Amino acid sequence: MAVERLAARATARPAARRNVRHWPLLLAAVTAILAFAAPFVLPTYQTELIILFLMNLVLVVSYRLITTTGDWGLAHVVMMGAGGYSAALMAKGLDLPVWLTVPLAGFVAAAVAGLISVPLLRTRAFGYFIASFALGELLRLFWIRLDVPFGGIRGIINIPEGELFGHSLFETIPYYFFALFVAFVCVGIMYLLDRSRLGMTWKALYSDPALAECVGIDVTHYRRSAFMIGSGFAGVAGAMLAHRMGAIDPKNFDLITMLYLIIWVVVGGTQSFWGAMVGLLAMTFVFELTRPLLEWRPLIFGVVLIFFLIFVPGGIESLVGRLRGWIGLLKRDAS
């Protein structure tokens, strides 16, 4: 009987492994079907909410990319603003099409990040945190003070929504598919970067920067590359926001917006590529549920942040690991 049980287990394991391998493909197929069907079956408000989620998805994944080096800063939404303003100026002043302004905005944001990284990367840890806030606010005040070309405190209005394949992006469904495509490409590129040798080097800096420097890794160079690439993708998210809203102003990129971004990342976790996405999804639900409690929302989000920092420091993704461990223990006890 014991031999038969062992044989049954041996034959069952390969089948179980094949099933596990098929789960990601099945999940991806279901997600793709739902994503394509969503704008045709959901009300306009919910479709617009998904569009905003897709923009925030690019933003949160790009911020998580920077944190893999250990650099937690407060300038990321300002880099998003750099992309938004550059897209608005290119669309209004140069009459460039949206399929050009969005990627070019990413390059502009990356270039701005490269400039401010010169003083910023002389700092680390808490010093980096404060310096990033100061440099970000300096850039934001620059937009506020200059009426030409940034529109001052009022910002830039009447930004052309653009057209794509003959469809006006002012309409919800065409813009939804445009945002879906841009988010898919951006997140896909960042996933490949995360799994690449470059991504592994970024994570090595977080684990032990002193050791990384000892083995010949140029720490400043790789920190700068992460900051510029992450900021570039944030600029793409800002360009998408500018074209969708038709207007942009400095208040869109203030400290409160940055704190929401940090909450998304902390709630989801940063150890895996998917953690920040899960955090964004969870907090988007919380955001919508607390819409009637507008005055209490900052307090609720603050409580959520403190709870996760104290009781679940690894974020939601750490709960998945714990759950797997418990299931494994139960299976071992049962066998």
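Sequential numbering from 1, following the chain as shown.
Cβ atoms here come from the backbone N, Cα and C positions, even for glycine.
Nobody curates TrEMBL annotations by hand; they come from automatic prediction.
Per TrEMBL, the features are:
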- 23-43: transmembrane segment (TRANSMEM)
- 49-66: transmembrane segment (TRANSMEM)
- 73-91: transmembrane segment (TRANSMEM)
- 97-118: transmembrane segment (TRANSMEM)
- 125-144: transmembrane segment (TRANSMEM)
- 173-193: transmembrane segment (TRANSMEM)
- 226-246: transmembrane segment (TRANSMEM)
- 258-287: transmembrane segment (TRANSMEM)
- 299-316: transmembrane segment (TRANSMEM)
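Listed as Cβ neighbours of the transmembrane segment (23-43) (distance under 8 Å, sequence separation of 6 or more from its ends, same chain) are residues 50, 172-173, 176-177, 180. Cβ atoms under 8 Å from those of the transmembrane segment (299-316) belong to residues 259-260, 262-263, 265-271, 275, 278-279, 282-283, 286, 290, 293 of the same chain, restricted to positions at least 6 beyond its ends. Outside the transmembrane segment (97-118) by six or more residues, the chain places 75, 79-80, 82-84, 86-87, 90-91, 135, 139, 160-164, 169, 178, 182, 223-224, 227-236, 238-240, 243 with a CB less than 8 A from a CB of the stretch. Looking at 49-66, 73-91, 258-287, the range that has the most CB pairs within less than 8 A of the transmembrane segment (173-193) turns out to be 49-66. Stretch with the largest number of CB pairs closer than 8 A to the transmembrane segment (73-91), among 49-66, 125-144, 226-246: 226-246. Below 8 angstroms of C-beta separation, residues 51, 54-56, 58-59, 61-63, 65-66, 68-69, 71, 76-77, 79-88, 91, 98, 101-103, 105-110, 112-114, 117, 120-121, 156-162, 169, 175, 179, 182, 186, 189-190, 193, 202, 252-253 of the same chain, each at least six residues beyond the ends of the transmembrane segment (226-246), sit close to that stretch.
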